[in-house]
Structures are given as C-alpha cells and as structure tokens.
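The structure appears below as structure tokens.
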C-alpha cells in the first residue's frame, strides 16, 4: 500500500514538472509588476499639470519591437523616478506622492534586475546616449505605463531579425502621451517596414500571432501527451497491482479462519482431556 502511495505522489510531481514550461511562457518579468502601478493615476492628479520631469527618452518605442528598447527604457525610468523621489519629503501618509513614487521606484528597480538576468543577445544599442527631455506628468507616466504593459507580455523569444538598431535620432511619436520635438529618422529595418502598405502590415501582424500560437503549441502539446502517457501508465500500474491486493486480502481472511479453527480444535481437545 505504501508503494502505491509513493508512486501516486511521484506521478503528481512529474505532472507539475511537465507543466512548469507553460508557466514560464507567460512573461519573464510579469511577477515583478505589482498592483502599486495603479496608483499612477492618483500621482498624476496630485502633481501640477505644468510640472516637468526629466527623462532620457529611448528612441524606437513607436517603431521597434518592445525587446529592442525595454531594457534601456526601464533603466532611464529608474533614474528619473529616483530623482523625482528625492524632490519630495518623506510623508507618512499611505497615498502621499513620496509613498507612491517610492513604490514605483522599487518596481522599476526589480524590472532592471530582471532584465539583467534575462538579456537579449540580438539587441544592438546605439552608441549615442539618449538626450534628456522634459515631460509633463501625464506624458511621463504614459511612457511608464507603456513600458509596464510591455513587460507583462515580454517573453524570451528570439526575434526574427539578427539585430535591432535603436537610433538616437528618433523622438517620441505625437500622441496623447508623448510629444514630438523633431522629425523621425527611422533605422533601415523600421523604414523599410513602414513603406509597406496597410495590407502588408496586417499580414505581418497575423504572422506574428500565428508564430506565437505555434510557439505555444510546441510547448503545450508535448506536455499534454506526457500527461496522458503518465495517467495511462498509472492506470496500468493500478490494474496490475489490483489482483495482488485482492489475493492478499483473501489470504489474510483464510489465515484468520484457519487460526479460528485451530483455536476451536485446541479448546475442544482441552475440554476432552478434562
């Protein structure tokens, strides 16, 4: 019986190990992002609208894949948030500006550490350092939120291109979160991709989705088949052991009956002797 229990426990651990790769595909740094990022809205409301925050904006956020800029962008966000933290006094109130910024700094620092552990080999950084720019709180934390969203889905998947060049001549795209100070000077890869029509872009997007689905299937199918095989072996093992267990129970019952008969015979002999 103990051997059967040990075998069942072994099967459970085996299935956990088989499904472990599925957990790893959900974003390499996803667990570093806490619910404290939701306080960004409160922080933006507390800061003056015309307040300026210095940030060395990493070009390429709007034209290159996230793995091309996320590592350097999070480092610059850490520097800017730390500098912003130093400008506020340490207030004990739970939702004070200092408290919120301090939590955001910890999140960003954890992301920096995570990216150091999971570096992308195909990213070739620009030789020029990003130039510092001034952003309003709304635009600055718009960049922050965009970087956090990129981390939630970031996976260690090798990009198709051999390298992605981050050009220092690129500037933020003009939208509700980021302003433009200079025209775009796109790197060769990005420029050639933007020359394609909308149908080509849609095809690339669909190809990306298909590639992601294939990568997921490549991990899920082996784990699924391993799970089925594991349960099949478990069923065979149980069927093999079941007759043995039945015979063991029958033998025990027979031995008990024999013992009772022997005891009765012995008592009968003792009674006859008396």
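Cβ atoms are placed via backbone N, Cα and C, with glycine included.
Noted in Swiss-Prot for the protein shown:
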- 29-114: disulfide bond (DISULFID)
- 68-164: disulfide bond (DISULFID)
- 90: N-linked glycosylation site (CARBOHYD)
- 97: N-linked glycosylation site (CARBOHYD)
- 145: N-linked glycosylation site (CARBOHYD)
- 196: N-linked glycosylation site (CARBOHYD)
- 26: pyrrolidone carboxylic acid (MOD_RES)
- 1-25: signal peptide (SIGNAL)
- 26-215: topological domain 'Extracellular' (TOPO_DOM)
- 239-274: topological domain 'Cytoplasmic' (TOPO_DOM)
- 216-238: transmembrane segment (TRANSMEM)
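The DSSP breakdown of the topological domain 'Cytoplasmic' (239-274) into helical (H, G, I), extended (E, B) and coil residues amounts to 35 helix, 0 strand, 1 coil.
Following the DSSP three-state reduction, the secondary structure of residue 114 (disulfide bond) is helix. By a simple count of nearby Cβ atoms, those within 10 Å, the most crowded of the glycosylation sites 97, 145 is 97. The disulfide-bonded residues under consideration are 68, 114. Their Cβ neighbour counts within 10 Å are lowest for 114.
Here the topological domain 'Extracellular' (26-215) has a mean pLDDT of 70 out of 100. When the Cα atoms are compared, residue 97 (N-linked glycosylation site) and residue 68 (disulfide bond) turn out to be 31 Å apart. Annotated pair residue 114 (disulfide bond) and residue 68 (disulfide bond), C-alpha to C-alpha distance, rounded: 16 Å. Residue 68 (disulfide bond) sits 17 Å from residue 145 (N-linked glycosylation site), counting Cα to Cα.
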